[in-house]
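Q: I am attaching a structure below and will ask some questions about it afterwards.
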C-alpha cells in the first residue's frame with residue numbers, strides 16, 4: 001500500500017512540476033491540465049537522460065535537478081508569454097482551476113485508473129513468462145544509475161546500444177524516485193503508465209469534444225473507452241467458442257488473428273503486463289496527437305513546436321516504430337494548420353531539427369539491428385484481409401466510416417457515384433491480380449481520400465484532426481501489405497510479424513482517435529436512416545468490444561482469487577527461495593558493474609534461466625541469446641562456455657574463461673545443479689570465497 005501510494009504521489013508531483021509548461025504547450029485546448037503528468041514524466045526523464053548521456057552526472061540527484069529545471073523553466077516561460085488571463089499563474093486563476101471540472105475530471109481518471117490497474121496486477125504480479133524477464137532486466141539495469149546507454153544485463157562486457165530503452169528509463173525513474181524494490185516497482189510502473197495513458201486519452205477526447213462544442217467529459221470518456229479499454233472482436237469469437245469457466249477464458253488468443261503475426265491492442269498489452277516499448281510509448285503518442293489538434297485549432301507557436309520536437313525525438317528512443325508515424329502526422333498537421341506557408345515551413349524545420357537534437361546522444365550510440373525494408377511477396381486475399389481488419393480494428397473502422405459516409409453525402413451525387421465506381425473497379429482489379437492487391441487498393445483509396453480531405457479541409461479543427469488520424473491509421477494498415485522491416489526474423493515465416501505488430505498497434509491508437517472525431521463531427525451530418533443504422537452498429541460493436549476487458553480480467557486474475565501482492569518474485573520465491581535470497585544479497589552487496597555467472601538456457605525458459613541477471617540488473621555472461629541477437633549482438637559460443645565453466649572440475653582449466661568474461665560472482669543453485677550436475681562445484685572454493693549460502697543456493701566472490 002505504501003509503495004503504491006508513493007508512485008501516485010510522485011506522478012502527482014511530476015504533473016505539478018510540468019503544469020506551467022503544459023498550460024503553455026496545450027494552450028486553448030479545454031483539457032490542457034490532463035497532459036501535465038505524462039509531459040512531466042517525459043520532460044524530467046528526458047532531461048535527466050540527456051545530462052547522463054553527456055557524462056555530466058547520473059542517478060537520483062540528476063533527476064531532482066531536472067525536475068527543478070522543468071518546473072522553474074516552465075514557470076518563467078508562462079510568466080514571460082502574454083497568455084490569456086485565465087491561463088496565468090495568478091491566485092484567482094488557480095482557484096478557478098481547482099474548482100473546474102477540467103481539473104478534477106482528469107485527476108479522477110488518473111487516480112481511478114491507477115487504482116484499478118494496481119488491483120489487477122496485484123492479483124497477477126509474477127514477473128515471469130512471455131517477455132517480462134527482458135523488461136525486468138532492463139528496468140533493473142537502469143535503476144543502477146550507471147549512465148547511458150546502460151550495460152547489457154544479458155551479455156557481459158557489452159552496452160545496450162541495439163535497443164530503444166528510454167521508456168524503460170522513465171519507468172526506472174519512478175522506481176528510483178520512490179525507493180521501492182524493482183520487483184514491486186515493475187508492477188507499479190505498469191499501473192502508472194496505464195493511468196498516464198488513460199488520462200492522456202481522456203484529455204485528448206475532452207479536447208476534441210470541447211473544440212467541437214460538445215461535452216468534454218463525454219468526449220473524454222468515449223476516447224478512453226475506445227482506445228484504452230475496448231477489446232478486439234476476435235475476443236468475442238473466443239468467448240463464444242469457450243465452453244469452460246470464465247477463469248479459463250483463453251484471453252491471450254485475441255492477439256493472434258493474422259497468421260504468423262501479433263495483433264496486440266492496448267487493453268491486451270496492459271493485461272499481459274509486459275512493460276514493452278510499444279506500451280510505454282502510448283501516453284507520449286497521445287501528447288503528440290493533442291499537439292496536432294492544437295495546431296489545427298489555433299495554429300502553431302514556438303514553444304509547442306519545441307515541445308513537439310522533444311516528444312518526437314524521445315519517441316524514437318522509447319519505441320522507434322512510433323517515430324515515423326508521429327513525426328509524419330505532426331508534419332502534416334503543421335502543413336494543414338492556419339498561418340502563412342513561410343511560418344509553417346519554419347515550424348516543420350524546427351520540429352525536425354529539435355527532434356534530432358533532443359536524442360542526438362542516443363542516435364550516435366544506437367546500432368539498429370534492422371537492415372532495411374523488403375517487399376512483401378505473399379499476401380492474404382481481399383476477403384481474408386477484410387476479415388482480419390474487422391476482427392482487429394473493427395470498432396474503430398466502423399466509427400471512421402461515418403466520416404466517409406458524411407463526405408459522400410456532402411458531394412454532388414454524380415461526383416460521389418463516379419468516385420465510388422472508380423474505387424470499386426480498382427479494388428476488383430487488384431483482387432483479381434496474381435499479387436492479391438485488392439486489400440492494398442482499398443486501403444490506398446481510403447487513405448488517399450483522407451489525405452485529400454485533410455489538406456482541403458476548411459471546416460472545424462476536429463474534422464481535420466479526424467482525417468489526419470484516419471490517414472495515419474489506414475497507412476499503418478497499408479504499409480505491412482507492401483513492405484516489412486528486415487530484422488532477425490527475415491527469411492522465415494515470421495518475417496512480417498514485427499511490422500504487422502508494431503504498425504498495427506499505431507493503427508489502433510490513430511483509428512480510435514479518428515473514430516471519436518467522426519462520432520463528434522460527422523455522425524450528425526449523416527442522413528437520418530444512415531445515422532440510425534450506423535449508430536445501431538456502433539452500439540452493437542461497443543458492447544462486443546467489452547467482452548475482452550471483462551472476461552480477460554477475470555481469467556488473468558483467476559477471478560481475483562488469493563491474496564493481493566505486488567512483488568514480482570512470488571513465483572520464484574515459491575520454487576527457489578534460496579535464489580530469491582541470493583538476488584537480494586547481490587542487490588545489496590555487488591557493485592553495479594559486477595558480472596555474475598549463472599546457468600544459461602533457452603529464451604522463455606520455464607525453468608527461469610537468466611533469473612539472477614534479470615532481477616539484479618548485473619550482467620551475466622549470456623542470458624537470453626535470442627534476444628541478444630535481436631539487439632544486434634552476437635553471443636557466439638557463450639552458452640557452451642558457461643556450461644564448460646560449471647562442469648569442469650579443474651579450477652585451472654576455467655580460470656582463463658572466467659577472466660575473459662570478467663566474472664566477479666558465481667551462483668550455484670538448484671537450476672545450475674540441474675543443468676550441469678555437481679561434479680564441478682568443488683572448484684569454486686579454490687577460485688573464490690563463499691559469501692552467501694541459503695536454501696540450496698550459494699554465491700562465491702572470485703579473486
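Every residue gets a Cβ built from N, Cα and C, even glycine.
Given the structure is predicted, the values throughout are model-derived calculations rather than measurements.
Taken from TrEMBL, the feature transmembrane segment covers 6-27, 39-56, 102-124, 162-180, 217-240, 277-296, 316-336, 348-369, 415-433, 439-455, 467-485, 505-521 (among others).
Would you situate these features in the structure and describe their surroundings?
A: Proximity of distant same-chain residues to the transmembrane segment (217-240), defined by a Cβ-Cβ separation under 8 Å and at least 6 residues beyond the stretch ends, is recorded for 31, 34, 101, 105-106, 109, 194, 197-198, 201-210, 249-251, 253-254, 257, 263, 265-268, 270, 390-396, 399, 508-509, 512-513, 515-516, 519-520, 541-542, 544-549, 551-552.
Through the fold, the transmembrane segment (505-521) approaches residues 204-205, 208-209, 212, 214, 219, 222-223, 226-227, 230, 264-266, 278, 282, 285-286, 289, 321-322, 325, 329, 392-393, 395-403, 406, 459-460, 462-463, 465-470, 472-474, 476-477, 538 of its own chain, all at least 6 residues removed from its boundaries and within a Cβ separation under 8 Å.
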Q: For the transmembrane segment (102-124), what are the same-chain contacts with Cβ under 8 Å, counting residues 6+ beyond its ends?
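A: 4, 7-8, 11, 30-34, 37, 187-188, 190-192, 194-196, 198-199, 202-203, 206, 216-217, 220, 224, 270-271, 273, 553, 556-558, 560-562, 564-566.
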Q: Does the transmembrane segment (277-296) come near the transmembrane segment (6-27), with 3+ Cβ pairs under 8 Å (pairs 6 or more apart)?
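A: Between the transmembrane segment (6-27) and the transmembrane segment (277-296), which are separate recorded stretches, there is contact, as judged by 3 or more close Cβ pairs.
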Q: Who are the chain neighbours of the transmembrane segment (348-369) in space, where the CB to CB distance is under 8 Å and they lie at least 6 residues beyond its ends?
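A: Cβ under 8 Å, 6 or more out: 46, 50, 53-54, 148-149, 159, 161-162, 164, 166, 302, 305-306, 308-310, 312-314, 316-317, 320, 327, 330-331, 334-335, 487-488, 630-632.
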